[in-house]
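Everything on this sheet refers to the single structure shown next.
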Amino acid sequence: MAAGPSKSEIQTLFKRLRAIPTNKACFDCGAKSPSWASITYGVFLCIDCSGVHRSLGVHLSFIRSTELDSNWSWLQLRCMQVGGNANATAFFRQHGCLANDANTKYNSRAAQMYREKIRQLGSTALARHGTDLWIDNMNSAPSHSPEKKDSDFFTEHTQAPAWDTAATDPSGTQQPALPSESSSLAQPEPGPNTDLLGTSPQASLELKSSIIGKKKPAAAKKGLGAKKGLGAQKVSNQSFTEIERQAQVAEKLREQQAADAKKQAEESMVASMRLAYQELQIDRKKEEKKLQNLEGKKREQAERLGMGLVSRSSISHSVLSEMQMIEQETPLSAKSSRSQLDLFDDVGTFASGPPKYKDNPFSLGETFGSRWDSDAAWGMDRVEEKEPEVTISSIRPISERTTSRREVESRISGLESSEARQKFAGAKAISSDMFFGREVDSEYEARSRLQQLSGSSAISSSDLFGDVDGAHGGGTVSLGNVLPTADIAQFKQGVKSVAGKMAVLANGVMNSLQDRYGSY
């Protein structure tokens, strides 16, 4: 196995490689004088970027110092010779890898291909040149400095060396007059050359000016090449017009999309409503078919209890057809039993079909009012009074209304006051018992009862207090003897409301039973 390169050879090689203009800046960030190198890619890096490469791992980038490390191998040196910042930049740019992030850049397909290429070129150069320090394109680099004898000061500054002209002139053309002129100047005497003191040093001056002029573009390219794209760009009026037009087009497109979405939502809603209407119509036809299949008595019972959909009365409507008002005529007997305040009640509450959970059962008692209007049910004589005609002008506020009891009491008190005036007109003093007639009547009745029972051997409480009807049991008890007329009216109203509530509850129970067990 061949021995590794010596420290002097390593320093000489890197001194030459770092003298190349493209290798004088960091490959990643462009910092000046990089002193670290990535052997995997053959590029030169600054100390900060070398730390980033170390964090990527040795499988992606292997880092060494060009000044501190002395254990370089010949394969590593060949990789640095065949690589370089210029070659790496051209390869990455050619394969479209322009990312600045190190993790993205060196994990890309272009980085993988360049790693393989550098490894192959380094192995080929090592196999061809062995342990030679320079390869073909660098053989003449260290041999350009022969021993200098006594050189003339003017000759050094008027004639450029061959490697400078080759490096600065890319076309490789040289002026042929310079060698002949230099040889003719060196032949007469070895003393100092005084040709520059003459009147025509035009050729040499033109050469010097051309050399200086050719170095300026290279220097400008190195320092400012990466900052040309950061300048400001002038915006014309035409660009503003184009931007405004694009914004208007985008706004119109957005409005059209919103309108289309709204239209689609409406169409879907209409379709769902139509489907619901069709389902309702199918359910109604099924109920009608079930009702038609029932026999006579069962069908009558179902219609009477409100179980069928066909026998609905009063005001109703269907969602499957147009709105139609179906009014029911109220019987005369029901009209006569309503009071003045019944004008504000809802008509036909029980006739609108089966009750719902949201219905109020406390406002549904007036439907059965016609059942309690007969006189035989109460065992009393009904005083029929002609109800006055109710008009808008006759309706009074609640605060101004007087109940029937107050009106009766006011009439009775008026009669009693007139009779009392006539009876006690000449009396000087009267008592409350005398005014109301309690004292005389009670004493007379007590005396008469005692006289009647004076000869009997046993008496009962009914005989003592005169309860003849209770003792014989032949009479009938009526509410007229217990309650006044106004209280009877209120009592009847309460019974009507209770009966209505019971009817609503019974109807709801029957409907729930039909819904639960009707399909079996």
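Cβ atoms here come from the backbone N, Cα and C positions, even for glycine.
Feature annotations, courtesy of Swiss-Prot:
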type	residues	note
MOD_RES	ALA2	N-acetylalanine
DOMAIN	11-127	domain 'Arf-GAP'
ZN_FING	26-49	zinc finger
REGION	97-520	region 'Required for interaction with coatomer'
MOD_RES	SER140	phosphoserine
MOD_RES	SER145	phosphoserine
REGION	163-200	region 'Disordered'
MOD_RES	SER200	phosphoserine
MOD_RES	SER236	phosphoserine
MOD_RES	SER239	phosphoserine
COILED	241-307	coiled coil
MOD_RES	SER333	phosphoserine
MOD_RES	SER339	phosphoserine
MOD_RES	SER363	phosphoserine
MOD_RES	SER431	phosphoserine
MOD_RES	SER432	phosphoserine
MOD_RES	SER512	phosphoserine
> Looking only at residues six or more beyond either end of the zinc finger (26-49), which have a C-beta under 8 A from one in the stretch?
Replying inline: 14, 17-18, 60-67, 76, 79-85, 87-89, 102, 111, 114-115, 118, 122, 226
>> Let's see if you can do this one: DSSP helix, strand and coil counts over the zinc finger (26-49), in that order.
In response: 3 helix, 7 strand, 14 coil
> Looking only at DSSP and grouping its letters into three states, which state does SER432 (phosphoserine) belong to?
Replying inline: helix
> What does DSSP say about SER512 (phosphoserine): helix, strand or coil?
Replying inline: helix
> Counting other Cβ atoms within 10 Å of each Cβ, which of the modified residues SER239, SER432 scores lowest?
Replying inline: SER432
>> Can you give me the average pLDDT across the coiled coil (241-307), rounded to a whole number?
In response: 83
> Within 10 angstroms of the C-beta of SER431 (phosphoserine), what count of other C-beta atoms is obtained when all protein chains are considered?
Replying inline: 9
> When the Cα-Cα distance from SER512 (phosphoserine) is computed for each of the modified residues SER239, SER431, SER432, which gives the smallest value?
Replying inline: SER432
